[in-house]
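Asker: Dumping the structure here so I can ask a few things about it.
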Amino acid sequence: MGPRNQTAVSEFLLMKVTEDPELKLIPFSLFLSMYLVTILGNLLILLAVISDSHLHTPMYFLLFNLSFTDICLTTTTVPKILVNIQAQNQSITYTGCLTQICLVLVFAGLESCFLAVMAYDRYVAICHPLRYTVLMNVHFWGLLILLSMFMSTMDALVQSLMVLQLSFCKNVEIPLFFCEVVQVIKLACSDTLINNILIYFASSVFGAIPLSGIIFSYSQIVTSVLRMPSARGKYKAFSTCGCHLSVFSLFYGTAFGVYISSAVAESSRITAVASVMYTVVPQMMNPFIYSLRNKEMKKALRKLIGRLFPF
């Protein structure tokens with residue numbers, strides 16, 4: 001596309017959540033409720049892990065990091081959506097859009113890595129219980145956390161810097177409720193080959209590789225559990241993994257839903273809704289999954305609530 005069709009972009013336009021201003025209270029209330037539930041739920045998980053010494057283990061330390069990441073990922077997208085709904089203004093500045101792209105990549109990448117590390121933790125606990133304290137020592141799982149942070153941050157910075165090199169056309173309407181790197185790249189007039197290569201590479205590193213690791217870990221766990229002689233041992237092992245398996249299924253299920261909707265949906269609004277659900281629903285449901293299905297977490301939460309509201 002020729003230079004005459006390019007322009008210096010100062011802002012992008014996001015998709016309207018609703019076309020009717022009189023109905024804006026409905027989506028605003030929905031997003032606000034989901035956001036508050038996500039923040040409060042994950043904040044309770046953070047406080048429970050900090051306050052209860054029985055939860056100072058690798059598994060709950062990883063859950064602590066996952067809950068913190070959930071708060072950050074949701075906060076990256078939902079507040080801007082709420083502002084746009086209330087103001088009936090769909091614009092987002094160029095700098096704001098790049099910042100949102102970078103933060104979404106950081107926290108989505110972290111979430112994927114943490115889920116893989118948690119699967120490995122369950123694999124070691126069930127398949128190698130006698131060596132658990134040796135294999136999952138504080139230095140090793142601390143290193144895994146730092147490595148996850150480094151990889152996701154570097155990926156986000158590289159992809160954001162490559163977006164900075166792009167020239168954009170006059171059409172700067174993003175068919176989503178927030179800035180997402182793939183959709184922003186589609187608006188560029190300049191060559192996007194390197195950007196697309198980076199996206200495919202990142203999808204492998206933060207999608208296919210963690211997913212393969214999780215599937216391998218659970219295949220080994222299932223094999224090990226089936227060899228257990230007692231039904232009680234099998235139940236305990238499966239219940240230990242149940243929470244993580246539910247969270248993993250929800251996260252990758254919504255991610256797969258985004259991919260399918262973008263590939264087959266005729267309406268861009270369907271893809272937009274699927275994308276925002278990916279950054280909200282798993283993060284909102286994680287605290288409920290862990291608080292309802294994990295006995296130790298339920299006990300810690302009851303103690304915490306008793307301290308916060310002693311009446």
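Each Cβ is built from the backbone N, Cα and C atoms, and glycine gets one as well.
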Asker: Tell me which of C127, C169, C179, C189 Swiss-Prot records as disulfide-bonded to C97.
Answerer: C179
Asker: Would you say Swiss-Prot puts E11 and R269 in the same topological domain with respect to the membrane?
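Answerer: Going by what Swiss-Prot records, R269 is on the same face of the membrane as E11.
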Asker: Could you round the CA separation between C97 (disulfide bond) and N89 (N-linked glycosylation site) to a whole angstrom and send it over?
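Answerer: Rounded to the nearest whole number, the Cα-Cα distance is 15 Å.
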Asker: Counting only pairs at least 6 apart in sequence, do the transmembrane segment (30-50) and the transmembrane segment (270-290) share 3+ Cβ pairs under 8 Å?
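Answerer: Taking Cβ pairs at least 6 residues apart, the transmembrane segment (270-290) and the transmembrane segment (30-50) are in contact, with 3 or more under 8 Å.
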Asker: When secondary structure is assigned with DSSP, how many helix, strand and coil residues does the topological domain 'Cytoplasmic' (119-133) contain?
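Answerer: The composition, in the requested order, is 14 helix, 0 strand, 1 coil.
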Asker: If I take every residue in the topological domain 'Extracellular' (79-97) and average their pLDDT values, what number comes out?
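Answerer: Reported value for the topological domain 'Extracellular' (79-97) is a mean pLDDT of 91.
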Asker: Pairs of Cβ atoms less than 8 Å apart decide it: which stretch in 58-78, 134-154, 197-217, 245-265, 270-290 has the most with the transmembrane segment (98-118)?
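Answerer: Highest pair count goes to 58-78.
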Asker: So if I exclude everything within five residues of the ends of the topological domain 'Cytoplasmic' (51-57), which remaining residues of that chain have a CB under 8 angstroms from its CBs? That is, six or more out.
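Answerer: Tertiary neighbours of the topological domain 'Cytoplasmic' (51-57) are 296-297, 299-300, 303-304, 307.
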